[in-house]
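Participant: What Swiss-Prot lists as ATP binding site is 41, 42, 43, 44, 45, 46, 47, 48. What Swiss-Prot lists as domain 'ABC transporter' is 8-239.
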């Protein structure tokens, strides 16, 4: 049995500025030690507010924030075992790489030998050994990020907070840094909490993801869980691309949408309950019209490099997005095939707690 240790806990935390609507509204969650977490959501959803509350840059309006078993609401930022890597890295331009990394240690008045040992070790961890005397202005974007991370880990924090640190990098470098950050977190064994609005970053890097919207956590779980089993339309639409249509759950393992009934793997709904149905674009296969479960007309097509993105319309006017390596032409009449496992049925207004209980009931039956 694997024993996990909770390092950070939010208990009914609300953050409100003046009389404005809450930025965070009664949020509760736990962060386990040694994992890579991502707070994911659109602008204004509350993800950066959570980061600042953990760091001590903001104070909660209501609720308790725990570090281990200790409430830290009133503990100032400089007394928390937490370091933040900011979006702009916040490096000192007048100091070289070595002095940037050593800055926090000098504030603590460590001996010169101890500072040198810690700085060299931090630079080795981020693959910047030999760059000690380099000026910050001479560093690339990726190298500056490594300096910022070295400055964070040199203080041996229990938690590292990363506030959209990849957003200023180009696509190729951003992808490279995703791998580097994930590898670094595994080697260090420190808890990372990463903020982003980029779902691909979240899926690629995280052990656990919290999806936020309008100050509330919509869903939490592993990348695979959230992608394959979204709890509601917002999560399904925000995490990857989705085809979402209205439907009706006829009975266990049978759902109706686009005026046809299909076998599915979902259960635990009321007979004839109104639901929403999700099918991912990559789970749709283009076939001849007569072999398809759905008959559609090709409306448009884009080449995306590794696949074609095909937009289709069925006889009722529903739009369907397909990812395929098969080339078709606009106005072609085609069929769309899919397996029962490709259909995901969502209950309207279901909470995450109710959703988890329903999934547990699946496991018990199986």
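Start at 1 and count along the chain as shown; that gives each residue its number.
Backbone N, Cα and C atoms are what each Cβ position is placed from, and that goes for glycine too.
Give me the lay of the land around each of these features.
Facilitator: Here residue 42 (ATP binding site) comes close to 197, 213, 238: these same-chain residues lie at least six apart in sequence, with C-beta atoms under 8 angstroms from its C-beta.
Mean pLDDT for the domain 'ABC transporter' (8-239) in this predicted model: 91.
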Participant: Among the binding-site residues 41, 44, 46, which residue has the largest number of other Cβ atoms within 10 Å of its own Cβ?
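Facilitator: When each Cβ's neighbours within 10 Å are tallied, 41 tops the list.
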Participant: What residue among the binding-site residues 43, 48 has the most other CB atoms lying within 10 A of its CB?
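Facilitator: Top count of Cβ atoms within 10 Å goes to 48.
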